[in-house]
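One structure below.
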């Protein structure tokens, strides 16, 4: 995907060295946007192999409202292990905010159900937004949300989605985020009777950890391969009923995996 490789090249060319929470160090740019036409193929990075199983299970986990890593571990997904406590809990992270956002008055809102209902009721609304950024609960979270707000947009029978991500680990995290929100857009379009439009990915602090520089340079030498297709089970009518086997990526071909250490 040229859009992703262009981001990597921009960070290498223009990035500013910054200290970070993990002590690893980054090179960073501020404010970058990528746009993917979802009708042209499913946007999975092909210049290294992605573990789509982890992406699908993580999204299903978010949508369930769960915030304990047990489900992920039972399905061979370890991407949240470093942040979980001894009981596997992460505090009120994404799933909690998506499905039971708690306001100052103690009222909870199922934002996913609300936004799907609102797309059906009022597709021209400019308020089709889900936020995972709850300032009152940030200190209870194992990790404050990086991909923190997304907005849907309906035009000409097509559903588009824009994500705002405050912080993007461009080598390890951003390819996952692109695929995850593209999948979410397909799923929401499916249950609202719409076609897919664009996925727009806006990143605030887009960075490369300094111990990922050589891996990214290797990726930039590789020619992107054709994008795969996404197939969803047509019998599923509720977004909360999707299971792993209802989601299939067809024709994914990639260059070999490139290892990179996670900065915790």
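Note: Cβ is positioned from N, Cα and C throughout, glycine not excepted.
Using a 10 Å radius centred on the Cβ of residue 146 (active site, nucleophile) and all shown protein chains, the other Cβ atoms total 18. Feature annotation from Swiss-Prot assigns active site, nucleophile to 146; the stated evidence is sequence analysis.
Reduced to three states, the DSSP call for residue 209 (dUMP binding site) is strand. Residue 209 (dUMP binding site): 23 other CB atoms within 10 A of its CB, across all protein chains. Annotation comment: Swiss-Prot describes 21, 126, 127, 166, 167, 168, 169, 177, 207, 208, 209 as dUMP binding site, evidence class sequence analysis.
Under the three-state DSSP scheme, residue 169 (dUMP binding site) falls in the strand class. The (6R)-5,10-methylene-5,6,7,8-tetrahydrofolate binding site annotation in Swiss-Prot covers 51, 169, 263.
Sequence-distant neighbours of residue 21 (dUMP binding site) (same chain, 6+ apart, CB under 8 A from its CB) do not exist here.
With 21, 126, 127, 166, 167, 168, 169, 177, 207, 208, 209 listed as the residues that bind dUMP, the site has a largest C-alpha separation of 36 Å. Annotated pair residue 207 (dUMP binding site) and residue 146 (active site, nucleophile), C-alpha to C-alpha distance, rounded: 12 Å.
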